[in-house]
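Some features that TrEMBL has for this protein:
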{"type": "DOMAIN", "residues": "11-182", "note": "domain 'Fructose-1-6-bisphosphatase class I N-terminal'"}
{"type": "BINDING", "residues": "E92, D111, L113", "note": "Mg(2+) 1 binding site"}
{"type": "BINDING", "residues": "D111, D114, E259", "note": "Mg(2+) 2 binding site"}
{"type": "BINDING", "residues": "D114, G115, S116, S117, Y222, K253", "note": "substrate binding site"}
{"type": "DOMAIN", "residues": "187-310", "note": "domain 'Fructose-1-6-bisphosphatase class 1 C-terminal'"}
Amino acid sequence: MTAISPPGSTKFQIDLRRHLREEEEDRDLTRVICEIADASKYIINAIRTGDLGLAGTSNLYGENQLALDVLSDRILRKRMIHSGVVANILSEETSEVIEVDPGGKYSVAFDPLDGSSLVDVNLAVGTIVTIYEGSDLLQSGRNQVAAMYILYGPRTSLVYSTGRGVHEFCMNQLMEFTLTKENIQLQPSGNIYAPGGQRNLYTEGTEKYVSSLEEKGYKLRYSGGFVPDINQILLKGSGIFLYPHLRDKPKGKLRLIFELNPMAYLIEQAGGKASTGRQSILDIKPESIDDCAPIFIGCREDVERAEEYIARYG
Ligand code: AHG
Ligand code: MN
Ligand code: MN
């Protein structure tokens, strides 16, 4: 991993657009990524000062939507519609594909505000985005052409990949994203674990696996926000996150299209691995927009060990 310059440093800084240009990225894809980065400035504002109450509506999982979920969704959707390069849009907060422009080169799916129920207790949350070429958003994650997330923590950071490494940008005083780390890489195995889901509902394989991590002295690091939890593993270069299959929920909780595929793409780009415990996340062909899957994601050897436990004990 190459550390560039500390966020906020006055040294010459490479911003997101310039980085994409230097990578000779497709102009339309650059457009989509920069529009999302711009949209995040308005989402930050909503998080900082917006209404924390319910919107009075529910999403496709039957969960109550917060006013912030709805507003973040609207901010992103508007940007994507006006970008002029997007064919279809899909959001965790809406139940169907929004057809924008059949001539658009890319289609985009997003979780506008992951972890939104953590905003009222002032914990970190994020926006997760996946991008495909063409109009089909029900493809396996292997076909993603880009994935990114924006993390709203004490600082705001953006991590993206277009298949040529994973790069981190932090927002500066002018609200520009400037390069802070290039080509982020994970170690083969780690020393932290982030276990999601209720422990007394774990299957035997997951329980034995997590106990084995604890016996080895792995440190517990679970915030309840998928974006900060994955960001910690990526940026420290170490660890595993799991939200496994549970006895009462064989597909776990997290959503394949909006949450798992983009994170799996980023982690694999950084040399890590993402698995349901039985197959690679990126190889799953989604059957429906709201598909969920169990996930073990992070350092390669840690994920492979989880797969061994699941194969042996279920
Ligand atoms: P969302 O806010 O989009 O519904 O998703 C929240 C997710 C994710 O951020 C986190 O890893 C997980 O839900 C936490 O679930 P638990 O509360 O079951 O730990
Ligand atoms: Mn989410
Ligand atoms: Mn969400």
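Using N, Cα and C of the backbone, Cβ positions are placed for all residues, glycine too.
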Among D111, L113, D114, G115, E259, the binding-site residues in the record, which have a C-beta under 6 A from ligand 1? D111, D114, G115
For the recorded Mg(2+) 2 site formed by D111, D114, E259, name the remaining residues of the chain with Cβ within 8 Å of the site's Cβ center, in chain order. E92, F110, G115, G126, T127, I128, F226, V227, L254, R255, F258
Select the most exposed residue of E92, D111, where exposure means the fewest other Cβ atoms within 10 Å, treating these as the binding-site residues. E92
Protein Cβ atoms within 10 Å of L113 (Mg(2+) 1 binding site), excluding its own: 30
Would you say which of the binding-site residues S116, S117 has the most Cβ atoms within 10 Å of its own Cβ? S116
Please list the binding-site residues from D111, L113, S116, S117, Y222, K253 whose Cβ falls under 6 Å of any atom in ligand 2. D111
Count the Cβ atoms, other than its own, that fall within 10 Å of the Cβ of K253 (substrate binding site), considering every protein chain shown. 17
Quick one: of the binding-site residues E92, G115, S117, E259, flag those whose CB is under 6 Å from ligand 3, and say none if nothing qualifies. E92
Around the recorded Mg(2+) 1 site (E92, D111, L113), other residues with Cβ within 8 Å of the Cβ centre, ordered by sequence, are D69, S72, D73, S91, E93, F110, P112, D114, S116, T127, I128, F258, E259
What is the three-state DSSP composition of the domain 'Fructose-1-6-bisphosphatase class 1 C-terminal' (187-310), stated as helix, strand and coil residue counts? 54 helix, 23 strand, 47 coil
Given the substrate binding site residues D114, G115, S116, S117, Y222, K253 in the record, what is the largest Cα to Cα distance, rounded to whole Å? 16
CB within-chain contacts under 8 A for Y222 (substrate binding site), separation at least 6: Y193, A194, P195, G196, D229
Give me the long-range Cβ neighbours of G115 (substrate binding site): same chain, 6+ apart, Cβ under 8 Å, in sequence order. L123, A124, V125, G126, G224, G225, F226, V227, P228
